[in-house]
Amino acid sequence: MTVQFDSLCHLSGVSVNMGHKLLQMTFCLWAITCLLLPSPSVGLSRITLKKQRLDLQGIKAARIAMHGEDILHNFGSSDGEVMPLKNYLDAQYYGVIGIGSPPQNFTVIFDTGSSNLWVPSSKCYFSIACYFHSKYKSSRSSTYTKIGKSCEINYGSGSISGFLSQDNVKVGGLVVKDQVFIEATREGSLTFALAKFDGILGLGFQEISVGNATPVWYNMLNQDLVREDVFSFWLNRDPLAQVGGEIVFGGVDPKHYKGKHTYVPVSRKGYWQFDMGDFLIGNHSTGVCETGCAAIVDSGTSLLAGPTTVVAEINQAIGARGVVSAECKEVVSQYGDLIWQLLVSGVLPDKVCTQIGLCPLKGVQSMSTGIETVVDKKNMEGLSAGDKVLCTACEMTVIWIQSQLRQKETKDRVLNYVNELCESLPSPMGESAIDCAKISEMPHITFTIGDKPFKLTPEQYVLKTGEDITTVCLSGFTALDVPPPRGPLWILGDVFMGVYHTVFDYGNLEIGFAEAA
């Protein structure tokens, strides 16, 4: 924009006294300074988030989605296979955006676990979900551009499909021009019908964007709408608070955190993924992540998801009641002594179950990719469903016994402890109820990030629903088993992000955590 100063600051030939000239010159300098210096609000946008309290069905649905059979799926043009980590029904925090000119408002989840923007389309006729939510009408926007390419996103809890369109998107005080998004014409799950939001605004990397659509965040950067290449989340965990939280695009609000952030590098672009260290229950290491685990920061889920072996130990420690696994107990009863002896004699943990015949012989893995050979896959395919369960139960038993061996416990005590863990395996439906009166007696859970401990108290990781005598307390942990080389994998959702203010530094490819204020 060209700014004309002449009419404002020109000193005419009319005779004026020195005081008037001085005043006029002072005013000119002030005006020029205001125009040249950036406004405090330029390049910084705040989005106030609303919070929807969880209900019991929402928590259960979140876990059911995690246990879907479709563990892997293809994200359109993205490279390789990507984990469908999403179940949006339990997402508590959402905000309002506008699409089109004039803006049509939609309630969306700001989701760091995906990269596309989608909202229901006015052309969605046959999905129940569309009748309960706002729909985008392209005919009412003067800035709409037709694209029409069809696309689909598969989630663990269902799928959405539709076509690509282009329009302006208003996010807080920012207007992102010519943003490509998905008009959803089919929402294939009751999950979306029951949701409190209309759509999703993905804040992940373009590598997992369906149709290779440029994410909204990328366009904010490309169009110089933000001051810095960072955005940050503050989630208010106070259920009675008016403000549910805040996202700051282009900066960080120091009022939202205490102390300094601990930064870790992004280990793999796609999701906001990093390498996490050891995981502790109380003061005891589980041993699962001693050599490192992959972790994803995901604002689109309220849950903390991790390997079944660790979640079972957590459930046992906090008294969560799961489904008794007969297969697990069978392995401990029949093979516990042998597993102990093999581990004590120095057999590698990942070879034990093969040696005792409960798991097939694994093929040689590629050193660079960790991809299993065709022989290995065929061996697994040859197992019956029951044999696969026994193999999995054996592998979990080995991990548990190995963890207890480090603590130099006796064999009998270890096998009794492992047998108790079998009873604490998460139910396939996720019912892991906890005695609310015993929350204060439960252990702290600690994640090691950047060689520093990040602790969660029982009050922070236990989910509550209902009020007074109808209050139900549930474990905030759910099981998610991801095989190497992608796993073991943890998902740190809103339970974690509510305790620790999170900075997503796109410029330096880092993620920062600090105690939330």
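Numbers run from 1 along the shown chain.
Glycine too: its Cβ is placed from the backbone N, Cα and C atoms.
In TrEMBL this protein carries:
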- Asp111: active site (ACT_SITE)
- Asp298: active site (ACT_SITE)
- Cys124-Cys130: disulfide bond (DISULFID)
- 93-514: domain 'Peptidase A1' (DOMAIN)
- 323-363: domain 'Saposin B-type' (DOMAIN)
- 387-428: domain 'Saposin B-type' (DOMAIN)
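Comparing Asp298 (active site) with Asp111 (active site), their Cα atoms are 7 Å apart once rounded. Here the active-site residues are Asp111, Asp298; the one with the fewest Cβ atoms within 10 Å of its Cβ is Asp111.
Over all protein chains present, the Cβ of Cys130 (disulfide bond) has 22 other Cβ atoms lying within 10 Å. The average per-residue pLDDT of the prediction over the domain 'Peptidase A1' (93-514) is 85, rounded to a whole number. The DSSP breakdown of the domain 'Saposin B-type' (323-363) into helical (H, G, I), extended (E, B) and coil residues amounts to 26 helix, 0 strand, 15 coil. Applying DSSP to the domain 'Saposin B-type' (387-428) sorts its residues as follows: 33 helix, 0 strand, 9 coil.
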